[in-house]
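Before any comments, here is the structure.
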Amino acid sequence: MAISYADNETIAAISTPMGTGGIGVIRISGKESLTILQTIFRPHNDSCSYRSHQMYYGQIVAADGHQLDEVLVVYMRAPKTYTCEDIVEIHCHGNFLVLQNVLELVIEKGASLAEPGEFTKRAFFNGRIDLTKAEAVIDVLSAKTRKGVDVAQEQLAGSLYRRIEPIRNALVHMRALFEVAIDFPDQSHDIVDYEQIDLQLKTEVIAPVKELLAGVDRGRIYRQGISMVIAGRPNVGKSSLLNAVLQEERALVTSIAGTTRDSIEEMVDILGMPVRIVDTAGIRRQAGEVEALGIQRAKDLINSADLVLFMVDGSRQLDQSDLELYEDIAHKPMIAVINKLDLLAEDGTAAAALLDFVPASVPRLAISAREGEGLEALKQAIFTVVTGSDTPWDEEGCAPNLRHKKSLEATLIAAERMVDDLAQGMGSSDLLSIDMQECLDQLGDIIGITTTDDVFDVIFSEFCLGK
């Protein structure tokens, strides 16, 4: 249910990740923050004035006088804080046991343990950020690549809100005209220029909404990434390629076919995309029981992958087993990779054979995983196949997420329905006003104006404790 934080309880949580580190931070937010700090903090300087946004050195001390830790603290006075409430941060040594002891003392003095995302939830309900910025905080925390961080930071800076607000303003203006026309029906045609409304709907609503929808899949790729499987017969160099892309000896490489018997997965940044790259067991008909299990797992991974690198050995002629493997994976998005460029047969038999049964529409590249040749071209090909673009997208165009998609699609449907009604001479002010309000409600749902409580619960539950 909706919550007003005007006189809500003071909350606290550990804001830094679990584990050992140099510094660990406990965050407190609410009207009792400073009072709680004053009861547990012994400043090094007895004349501590607790000026806002200034750090103080001292000790956290339990009621019995026992020192829990030597700390730095900062008090931040509302409203110029993350939550628009009084906030205290206690910077302790980064041992989780120390942090837990201090947090328990803070709770003992009157704070409640914060729920996941509750600090950001308060920032939203107290008007500091809109809902798109709250979601961007999640994306900043979970981004897997630098490009993903840039996309999230762009949204955190308000890029999505800035693109939606002009659309809403145009709709508000048009709807206001309709409302006046409804009140004065005999003058409606003098009040509303329906040709102008048609033009505005097309240029100020439909066109920008379509642009926003185009960014949903882009944003998904940068946020969630893709899965990519390296598939091929035994000993074609799949593990060597994994090691080359990761620039580390992650997979065991030998000249013995069937060395890899289980899948090896790692995350890699390819032109800003998080790519979960999977090295699989070489697929062949004759295999022992353990290897056969690895082969079946490889087939399962191929079926669930977003992209398959179909690898062949360029130092030998291809045979029926290569063709059979290709036929098994032909339904997947694919790049054909001819490995062992350094040993490539002089007559080009591997490349020529690939041309025989791989469609021309499938990108193909010759590389040497061992020597690192052709890897940059392969990365570019991977990016192009996945995105349909040769260059990375700008961050602003990647802001919308899957939650926004539903609202944008509903907005588009309502706006296009209005255009159709106007074209057929069926658009009355009262009916058009209803569709206008539908558009406003859907766009308001994105930025948090008309969002339902259950949606809030889902969004903020994705946060970690302390944020």
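From the backbone N, Cα and C atoms, a Cβ is placed for every residue, glycine too.
According to Swiss-Prot:
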BINDING   Arg27, Glu89, Arg128, Lys467  (6S)-5-formyl-5,6,7,8-tetrahydrofolate binding site
DOMAIN    225-387  domain 'TrmE-type G'
BINDING   235-240, 254-260, 279-282, 368-370  GTP binding site
BINDING   Asn235, Thr254, Ile256, Thr259  K(+) binding site
BINDING   Ser239, Thr260  Mg(2+) binding site
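Where Swiss-Prot records a feature, it is marked here on the structure.
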residue : record                                              : contacts (Cβ under 8 Å, 6+ apart)
Glu89   : (6S)-5-formyl-5,6,7,8-tetrahydrofolate binding site : Ser15, Val25, Ile26, Arg27, Ile28, Val73, Val74, Met76
Arg128  : (6S)-5-formyl-5,6,7,8-tetrahydrofolate binding site : Pro79, Tyr82, Thr83, Cys84
Ala369  : GTP binding site                                    : Gly237, Ser240, Leu241, Asn243, Ala244, Asn339, Lys340, Leu375
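Working note on the binding-site residues Arg27, Lys238: by count of other C-beta atoms within 10 Å of each C-beta, Lys238 ranks first. The average pLDDT the prediction assigns to the domain 'TrmE-type G' (225-387) is 78. Ranking the binding-site residues Asn235, Ser239 by how many other Cβ atoms lie within 10 angstroms of each Cβ puts Asn235 at the bottom. Ser239 (Mg(2+) binding site) falls within a helical segment according to DSSP.
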